[in-house]
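The block underneath contains the structure these notes are about, expressed in structure tokens.
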């Protein structure tokens, strides 16, 4: 036996026994794509079991989210309850426990910064100790904490929430938007993720979908979705680059489009680079200038910082279309000398200088993606811009310099990803039949072998789904178990890469080192999620896992979060019922009082007084509406309405009889007149 640490180091004894459909495949197929590969991919895409109902496409963004559905052969972006086509990915919890999502949450962020969560997609699937998370803790007003499993979670009013839960609350809002449009329950969804997301982040996104009550049919990469949106109605074959600089992440993908086949050649990116970093850089500049001018440091004042953050975002957007903007924040803070106001002019050139390093960080991934795809910039027929930050003129100029051509404006940078997700949903549902999507895994996968070396089994930019096996052996005499450590990344040593998970194959018969044959198989599904198995070829003993890191959400965690989400959904339903009942009651009170004033001469005084008492009771009930159910308010309002109807019926009868009486006397006078005329 050897120590546990060395048990992790299985020794490589053989070459790869490839099971990959990409390996040794005949090249005589359609458009250079083998028939075997076509069958392998399409078998998963065109599932035999029929998908019932519409499949919604959701772009779960860092800053904003968007939802679309297929209508015939066209994808339609849906408007939310506020009438907007995108929804802020913001979730807030008020002091009384109410949960707000989208624009209502964003509007109250200034007065409730500590309990308003934004850009939590940057935390999804990440460990608390990750350098990026530690950097983020200094930049946000809310609390990022270490969960019991070591992941980064957030805290509001003493309650902990996983980033998957926060994502689920946003997804529930998108689901509700789709259901309002469709008129029925939306169950199936395709959700997008940044192309450079690792396995943990993809799994956490899928968990968010499950928590929200969605059946996530597929997780697809954002640039690939944008390419679908761009190329669905295009007939010419070409190589395109998708430059996706969004709110929190950056991706670059090189794709080849041929007769409805969208094949990703390579992908690269940075999962911690986006509009949030541009906002943060500008915020730091404003705070620094304000301190230089007034001597007041705003960094300890969360409410003031939130106002500056919102002003920075607004200024950033304005400078995409104008060369100068004013930042005015009256009564931002105060000191012993009185209130302090912020008044600042900011030019586009100044802003570009502040964020130039961030823009430069997108260049190396683009060059690497072209290198991996084995294309030069002259081979690229179109450059597609995706993500709100690509509206910035300096970003567009950088892209033009990098690829040697002006970028295309053929797609809406805010909506293209959701449209592409809806198209993929149409493919899975069988409604779109002339599209085939061949995506890739963004990072290499392998295991830790003797000496802590990272041995790759599947290289980055391998077309998925894919499967590959390799034979390893024991590192010590008499070893009866092997611990398999599964890693993802590009570094030579396993410890420098992302540890996705680990498991142990036990029951290996004692033998000299190098004799047992342990076959490790990696299977990456069409979602980019990894499944691993290890098999002792001598005994046939096998151990299989779907990779779940030491962090991540357990099945019980997800079930509890689903219940909590359902509880919130039920609370939202009750709240909506109560609001509707209150509106109805207030309308009845207003109508009743108006009619009482109008018909006061026809109404008996005692009956009027009784009705006024009913109205007073109704008003008292509405004063304590937060503790009442919608049903109680509705019943009380209905009783008031019935009482008022009876009273007004009496008034109507009285008026009718009066008119009848006056009408009779009028008829008699007319007869007398006629009689006189005849004489």
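In case you wondered, yes, glycine gets a Cβ from its N, Cα and C as well.
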Which residue does Swiss-Prot record as N6-succinyllysine, given the choices 291, 345, 394? 394
So which of 187, 314, 360 shows up as N6-succinyllysine in Swiss-Prot? 360
Position flagged as N6-acetyllysine [Swiss-Prot], chosen from 138, 265, 409, 535: 138
With respect to Swiss-Prot, which of the residues 456, 485, 600 bears the note N6-succinyllysine? 600
Just to confirm what the record says: which one of 135, 467, 555, 576 has N6-acetyllysine annotated in Swiss-Prot? 135
Report which of 340, 468, 610 appears in Swiss-Prot with the annotation N6-succinyllysine. 610
To the nearest whole angstrom, what is the C-alpha distance linking residue 300 (N6-acetyllysine) and residue 138 (N6-succinyllysine)? 11
Say you check the Cα of residue 138 (N6-succinyllysine) against those of the modified residues 206, 360, 394, 646; which is nearest? 360
Do any residues at least six apart in sequence from residue 408 (phosphoserine), in the same chain, have a Cβ closer than 8 Å to its Cβ, and if so which, in order? 230, 382, 383, 384, 385
Cα-Cα, whole number of Å: residue 567 (N6-acetyllysine) versus residue 360 (N6-acetyllysine)? 46
Express the predicted model's confidence over the region 'Interaction with NFS1' (1-432) as a mean pLDDT, rounded to an integer. 88
Mind telling me which of the modified residues 143, 300, 394, 567 has the densest Cβ neighbourhood, counting other Cβ atoms within 10 Å? 394
For each of 138, 206, 360, count the other CB atoms within 10 A of its CB; which of these modified residues has the top count? 206
Please report the Cα separation of residue 646 (N6-acetyllysine) and residue 206 (N6-succinyllysine) in Å, rounded to an integer. 57
